[in-house]
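**Q** Quick one: the structure is below, questions incoming.
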Amino acid sequence: MKTSIATVSIAGDLRDKLTAIAGAGFDGIEIFEQDFIAYSGSPTEIGEMVRDHGLKIDLFQPVRDFEGLPEPLRAKAFDRIERRFDLMEELGTDLLLVSSTTHSESLGGVDRFAADFGELGERAAARGMRIGYEARSWGRFVSDYRDAWEVVRRADHPAVGLILDSFHTLAKKVDPGGIRAIPGDRIFHVQLSDAPMIAMDLEYMSRHFRVMPGEGDLPLLDFLRAVSVTGYDGPFSLEILNDQLRGSSARIAALDGHRSLIYLADQLKRAEPARQITLPDMPPKGRVNGVEFVEFSASDAEAETLGQMLHTLGFERVARHIAKSVSLWRQGSINIVINTEQEGFAHSSYVMHGTSVCDIGLMVEDAGATVERARALGANLFAQPLGAGELDIPAVRGVGGSVLHFLDTSSELGRVWEAEFKPVDADVAASPTGLTRIDHVAQVMKHEEMLTWALFYTSIFEIEKAPEVDVADPGGIVHSRALQSADGAIRITLNGVDTHRTFAGRFVSDSFGSSVQHLAFATSDIFATAEKLAANGFESLPIPTNYYGEIESRFGLTSDFVAALRAANILYDEDGAGGSYFQLYSRPYGDGFFFEIIERRGGYDGYGAPNAPYRTAALKRLSRPAGMPRR
Ligand SMILES: O=C(O)c1ccc(O)c(O)c1
Ligand SMILES: [Mg+2]
């Protein structure tokens with residue numbers, strides 16, 4: 001599959017864009033006129049620079065407001081395009097995108113438009129150029145690909161073809177099915193972008209809120225399946241106009257973009273096996289059966305404190321690594337690893353972030369296939385020197401520079417605890433509190449990183465994304481999106497921050513970008529667990545009494561039930577469909593990390609978002625004053 005991207009999709013000057021685009025593996029670009037004008041180089045020099053990066057210029061864009069004009073405006077429009085032909089000749093590209101007019105003086109009329117494009121086709125052919133006509137979803141007369149196709153069909157000139165743009169079709173909820181009837185050789189170019197399904201002016205959304213395929217809610221696969229039936233074999237090009245991208249890393253945006261195209265092509269290949277989609281084979285998405293372990297890197301002293309906290313949570317130190325200063329704490333099926341090595345990745349993570357989660361191990365169906373798919377989708381593989389007896393567990397880089405290991409039970413990887421650890425007698429007998437498994441991992445990041453990581457997880461694993469919700473924090477808004485498998489075996493929440501004034505934002509800044517701010521453990525009886533926690537000396541996060549008055553009235557709870565919740569500092573939510581959710585928190589640890597204990601009843605599938613402001617306020621009250629350094 002030929003990949004391309006409009007230079008407007010990437011931040012930076014033209015050279016930076018080209019470096020990022022070529023580095024991500026694209027085949028070609030669309031030169032956006034603004035980028036061309038802003039660059040201090042001749043069209044010839046720009047053309048050479050593009051080709052020096054190993055890229056092709058697939059098209060130049062845009063020309064707006066061409067068709068249907070009365071004289072003398074019509075003659076001026078033709079002259080404007082002749083001048084673009086001049087610079088296209090120098091640039092070394094032959095396709096010009098003309099987007100449907102919004103000009104107030106355009107006279108409209110499909111035959112008038114066809115005549116204009118017929119004449120333009122003659123002029124283009126005389127210069128060895130081609131014209132692609134694109135329907136903009138807010139076009140004054142042509143706002144639907146079917147209208148644009150009718151103009152092209154009636155213009156009936158080999159140098160005039162159609163340009164399809166998924167945004168203008170799908171954001172307007174136009175059925176892409178009609179594309180199947182268009183001959184593939186009359187489609188000169190295909191632009192792809194996704195967008196959130198929110199009610200918004202299409203022109204504004206188009207110029208500010210487009211996202212990479214797979215990062216939004218539009219049915220891109222339906223669109224691509226329709227295009228694939230036509231036999232179109234030109235480039236698939238990203239045209240992403242997005243305010244966040246304008247300020248973010250060119251390299252990451254280009255890598256995300258390439259990942260999104262490869263991911264979409266893989267979906268197409270599986271949906272249309274008969275189509276010849278040139279794309280390297282990759283294994284299908286992998287099922288995740290759960291979080292097998294979470295590893296903290298810490299100093300010796302902080303490992304002691306963390307160990308005490310785990311002990312009050314009911315964990316027992318059950319094993320030590322055969323060669324490294326790494327200990328394994330366990331309760332139920334939960335494995336918490338504490339790494340106090342003085343060298344290697346974990347140590348560098350400690351030096352950078354302090355005591356924090358540096359590594360997450362996912363139990364997947366097939367670890368080898370999972371890492372192969374991740375690599376094919378642009379993930380950075382991670383490996384570290386192996387000591388005697390250690391297993392070579394496949395891994396990639398994850399959020400905030402952390403590591404994501406993949407384990408499975410169908411290979412020796414499932415024996416990692418036997419192979420690499422030796423049991424130790426618990427120094428202090430643990431008293432389990434009924435925690436059974438890791439319910440979810442909460443990762444925090446800058447807001448603009450959320451799209452990247454949502455695409456990362458949903459393109460590699462059988463994980464779906466829930467709608468993004470805004471969670472109020474006394475210091476601002478935290479943008480939160482849950483990613484989870486259909487059966488809830490794996491749940492990851494992505495939490496994006498815009499400022500360091502929120503509790504999550506302060507965690508990101510104080511821990512220098514660490515990713516996991518809290519781990520949520522599941523219990524099947526939170527009241528019994530709360531009693532055992534208290535008996536272990538666990539200090540739960542105190543929740544203000546006013547909270548309980550509010551939920552008593554909001555949910556019509558009995559006073560006894562509310563008293564039991566209040567006595568144990570348990571927060572409560574209902575989903576309105578018979579499901580209920582119970583949450584109990586630890587006090588903040590270090591830079592603002594905390595543990596959560598939850599119980600889900602009656603199929604509750606959320607994360608207690610209505611309670612987040614109260615738990616955050618309580619955590620903030622117990623945290624170190626803002627700006628006080630950890631060390
Ligand atoms: O917003 C515009 O004018 C515009 C221009 C060119 C395009 O390809 C497009 O989709 C929109
Ligand atoms: Mg477009």
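Placed from the backbone N, Cα and C atoms, the Cβ positions cover glycine too.
Heads up, TrEMBL stuff is auto-annotated, nobody curated it.
Pasting the relevant annotations from TrEMBL:
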{"type": "BINDING", "residues": "Glu134, Asp165, Gln191, Glu239", "note": "divalent metal cation binding site"}
{"type": "BINDING", "residues": "His440, His518, Glu596", "note": "Mg(2+) binding site"}
{"type": "DOMAIN", "residues": "290-409", "note": "domain 'VOC'"}
{"type": "DOMAIN", "residues": "437-587", "note": "domain 'VOC'"}
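Can you tell me where each of these features sits in this structure?
**A** Under the three-state DSSP scheme, Gln191 (divalent metal cation binding site) falls in the strand class.
Non-local neighbourhood of Glu596 (Mg(2+) binding site): Ala442, His518, Leu519, Ala520, Phe521, Gln583, Leu584, Tyr585, Ser586, each in the same chain, at least six residues away, with C-beta under 8 Å from its C-beta. DSSP assigns Glu596 (Mg(2+) binding site) to a strand.
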**Q** According to DSSP, which of helix, strand or coil covers Glu239 (divalent metal cation binding site)?
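**A** It is coil.
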**Q** Other residues with Cβ within 8 Å of the Cβ centroid of His440, His518, Glu596 at the Mg(2+) site?
**A** Asp439, Val441, Ala442, Thr493, Leu519, Ala520, Phe521, Phe594, Phe595, Ile598, Tyr607
**Q** Tally the residues of the domain 'VOC' (290-409) by DSSP class, grouping H, G and I as helix, E and B as strand, and everything else as coil.
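**A** For the domain 'VOC' (290-409), the helix, strand and coil counts are 36 helix, 44 strand, 40 coil.
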**Q** For Glu239 (divalent metal cation binding site), just count the other CB atoms lying within 10 A of its CB, please.
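**A** Cβ-Cβ neighbours of Glu239 (divalent metal cation binding site) within 10 Å number 26.
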**Q** Quick one: Cα separation, His440 (Mg(2+) binding site) versus Glu239 (divalent metal cation binding site), in Å?
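**A** If we compare the Cα positions of His440 (Mg(2+) binding site) and Glu239 (divalent metal cation binding site), the gap is 35 Å.
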**Q** Around Glu134 (divalent metal cation binding site), how many other C-beta atoms are within 10 angstroms of its C-beta?
**A** 24
**Q** Out of Gln191, His440, His518, Glu596, which binding-site residues lie by ligand 2, with a C-beta less than 6 Å from some atom of it?
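**A** By the Cβ criterion, which requires under 6 Å to ligand 2, the hits are Gln191.
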**Q** Among the binding-site residues listed here, His440, His518, which has the most company in the form of other Cβ atoms within 10 Å of its Cβ?
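**A** Of the binding-site residues His440, His518, the highest Cβ count within 10 Å belongs to His518.
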